[in-house]
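Notes follow once the structure below has been shown.
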Amino acid sequence: MIMNHSLLPFHTFHLPACANQIIEFTTVSQLITEWQKATRADQAVLILGQGSNVLFLDDFNGVVLVNKLKGIQHREDHDYHYIQAQGGENWHNLVEWTLAKNIAGLENLALIPGVVGSAPIQNIGAYGVEFEQFCDFVEVVNLANGQIFRLDKQACQFGYRDSVFKHQYRHSFAIISVGLKLAKAWTPTLNYGSLVKFSADTVTSQQIFDEVCAIRSSKLPDPDEYGNAGSFFKNPIIDATTFAEIQTAFPQIPYYPQPDGNIKLAAGWLIDQCELKGFQIGGAAVHTQQALVLINKAHATGRQVVELAQQVRRRVRHKFNVELHPEVRFIGQTGEVDSEEITR
């Protein structure tokens, strides 16, 4: 238990924020007990993994519970590998664990920061692959009554960086473990960036893993050097008519057709076209290598990051008439606040 302690080491933006209390839990019963104790005392409660997708705007006037649930189990049948990983396991370490056992499938999701329990919330994705493709179940606890239950993939209502855990199960519930189902008949996903150079007939999952790690390491800043939360904005999805108008004005715009007929745009490219790389407000800046990443360049505050995000959204809106939506969760004094509203 840590009283009135800095949250700086508990989130990757490394902003100067404190919490009344920080408790690392290693069992589900401890999580339930501490959550109920804080709730009875009318204390706000925030459950964190590695804090890789949060922005603290102020000191948190409540209790922060840090997920340290550990353990990975594996079984298999003729066609599939089944993995159950506890919510506090590091996601990238899990990807490495699967590859060490010659289990392919997760290699495109290498080096995504955070813990396993956060993966379903965001439906994390990268390089043409999303978490939902491998989700077998998500194990959840109702913190109010201690009931533990599983949701299958359909019940998770996955969308682009979205799930039921951002809505119906946002409050009073916690993800304690995740079940993955990985086919033994592996098909590589090579339709993104430099992965297209590989042949589907000869490439190995380890080669894809190494390439993805190299790409991410070259483009994304190390949080220990410059605090950040990875991609700050989602890639916007627009209808085909709107896209046609934008493409007429900007023929070179990169785009990704979606199965439903809509078009996904590259948020980083849009920001870059607004000449915002390196743009700075206080200690917060747009990263010079990857415009989609906002960084804590020099002792930034949460409010400075918000101001920077506001400017980015406004410039992109003005130039392209496209709305960027924050991917990062904004945490105020007593809990999550509306990132859309605060950066409008």
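Residue 1 is the first one shown; counting continues down the chain.
Any Cβ shown, glycine's included, is placed from N, Cα and C.
As recorded in Swiss-Prot:
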{"type": "DOMAIN", "residues": "15-185", "note": "domain 'FAD-binding PCMH-type'"}
{"type": "ACT_SITE", "residues": "R161", "note": "active site"}
{"type": "ACT_SITE", "residues": "S231", "note": "active site, proton donor"}
{"type": "ACT_SITE", "residues": "E327", "note": "active site"}
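S231 (active site, proton donor) and E327 (active site) are 7 Å apart (CA-CA, integer value). Using a 10 Å Cβ-Cβ cutoff, R161 (active site) registers 18 neighbours.
In the three-state DSSP scheme, the residue listed as 'active site, proton donor' falls into the strand class. Secondary structure from DSSP puts R161 (active site) in coil. Mean per-residue pLDDT, taken over the domain 'FAD-binding PCMH-type' (15-185), amounts to 97. Note: the CA-CA distance between the residue listed as 'active site, proton donor' and R161 (active site) rounds to 11 Å. When the active-site residues S231, E327 are scored by other C-beta atoms within 10 Å, S231 scores highest.
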